[in-house]
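In what follows, a single structure is set out as structure tokens and then discussed.
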Amino acid sequence: MERKTVGVIGAGTMGAGIALVCARREHGVLLLDANQTVLEKAKSYLISILSKDVEKGKISEQQKQETLERVQFVSDIEKLAPADIVIEAVPERLDLKKSIFGDLTRICRSDALLLTNTSSISITEIAGGLTHPERILGFHFFNPAPVMPLIEVIRGKKSSEENVQSAYQFAVDLGKVPVLVTDTPGFIVNRVARPYYNEALRILGDNVANVEQIDRIMKQAGGFKMGPFELQDMIGIDINFATTQSVYTDFFHEGRFKPSRIQQRMVQSGSLGRKTGDGFYDYSK
Ligand SMILES: NC(=O)c1ccc[n+]([C@@H]2O[C@H](COP(=O)([O-])OP(=O)(O)OC[C@H]3O[C@@H](n4cnc5c(N)ncnc54)[C@H](O)[C@@H]3O)[C@@H](O)[C@H]2O)c1
């Protein structure tokens, strides 16, 4: 396996985990975030996970240090110029992603692979109007990225076959299980998962059951690992809401995908789940 330089844009919930996945596989990582505090948190996260690996005897102290040294923390997108592959993991907003890929097509080498971790935004739309749409693909990790094996490799309308194959192989090299997906709203997993969140929110809104009851029933009787509200808190309620909005819009407002006002109000109030310390559950203690 060839060691590569991987740029990761956004060091939040997903970006920090993706950086760890790449560094563990001996790739060099340039981890970029617009927020310095987030970069410091990402560094602490990497140290804490790798220290646990040492405690469990999975790696030596030297391997931990080598893995950490492979990750550089940067705040200027121009620093991604040497990257062979860039994985974008900024918030789920089309304008933001388009502007970042516009910059990347200018900054990065012409053979660099440009990947987005979007949960739901059309790859074709992100790449639309940019100078090199053939280089842009979806590369959708699941949360937590170091644990979940699946990666959806999403082919945009103008993604080249060669780049699709390279991205697929890169996912295999990361030790993941890739699946090739066409560019449809929510791709596979987020389309299948929408009713899990939306119907739970409707049940809550109808006062049929409370958050704890719905989560408990889905786990104990349904066999799910996490209930729909615990999951939203882990994912980030803002990210989950943005994904539902995007799927709803892309399906031309089909009622079955309609977003929930309960979720909307939580986003508006800044209760975003684990990352802000409060969501459907309280994480402040
Ligand atoms: N959270 C999940 O469970 C999950 C799962 C799969 C995919 N995704 C997708 O991954 C992407 C990121 O989600 P997340 O949950 O990690 O979000 P997040 O809010 O935790 O992190 C996003 C980070 O991007 C940074 N950022 C914003 N603008 C930037 C810019 N211009 N340049 C550099 N950094 C910038 C922010 O400071 C923040 O730290 C989204 O597209 C989301 O849909 C999320």
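Counting starts with 1 at the first residue shown.
Glycine is treated like the rest: Cβ placed from N, Cα and C.
Here's what TrEMBL has on this protein:
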BINDING   Gly10, Ala11, Gly12, Thr13, Met14, Gly15, Asp33, Glu92, Lys97, Ser119, Asn143, Lys275  NAD(+) binding site
DOMAIN    5-183  domain '3-hydroxyacyl-CoA dehydrogenase NAD binding'
DOMAIN    186-283  domain '3-hydroxyacyl-CoA dehydrogenase C-terminal'
SITE      His140  site 'Important for catalytic activity'
**OP:** Could you put numbers on the helix, strand and coil content of the domain '3-hydroxyacyl-CoA dehydrogenase C-terminal' (186-283), residue by residue per DSSP?
**Re:** 64 helix, 3 strand, 31 coil
Original post:
Hey, of the binding-site residues listed (Gly10, Gly12), which one tops the CB count within 10 A?
Top reply: Gly10
Original post:
Around Met14 (NAD(+) binding site), which residues of its chain at least 6 apart sit with Cβ under 8 Å of its Cβ?
Top reply: Ala89, Asn117, Phe141, Asn143, Ala145
Original post:
Gly10 (NAD(+) binding site) to His140 (site 'Important for catalytic activity'): how many Å between their Cα atoms?
Top reply: 14
**OP:** May I ask for the distance between Asp33 (NAD(+) binding site) and His140 (site 'Important for catalytic activity'), taken between their Cα atoms and rounded to an integer number of Å?
**Re:** 19
Original post:
Can you give the largest Cα to Cα distance in Å, as a whole number, for the residues Gly10, Ala11, Gly12, Thr13, Met14, Gly15, Asp33, Glu92, Lys97, Ser119, Asn143, Lys275 that bind NAD(+) in the record?
Top reply: 21
Subject >> Inter-residue C-alpha distance, His140 (site 'Important for catalytic activity') and Gly12 (NAD(+) binding site) (nearest angstrom) >> reply: 15
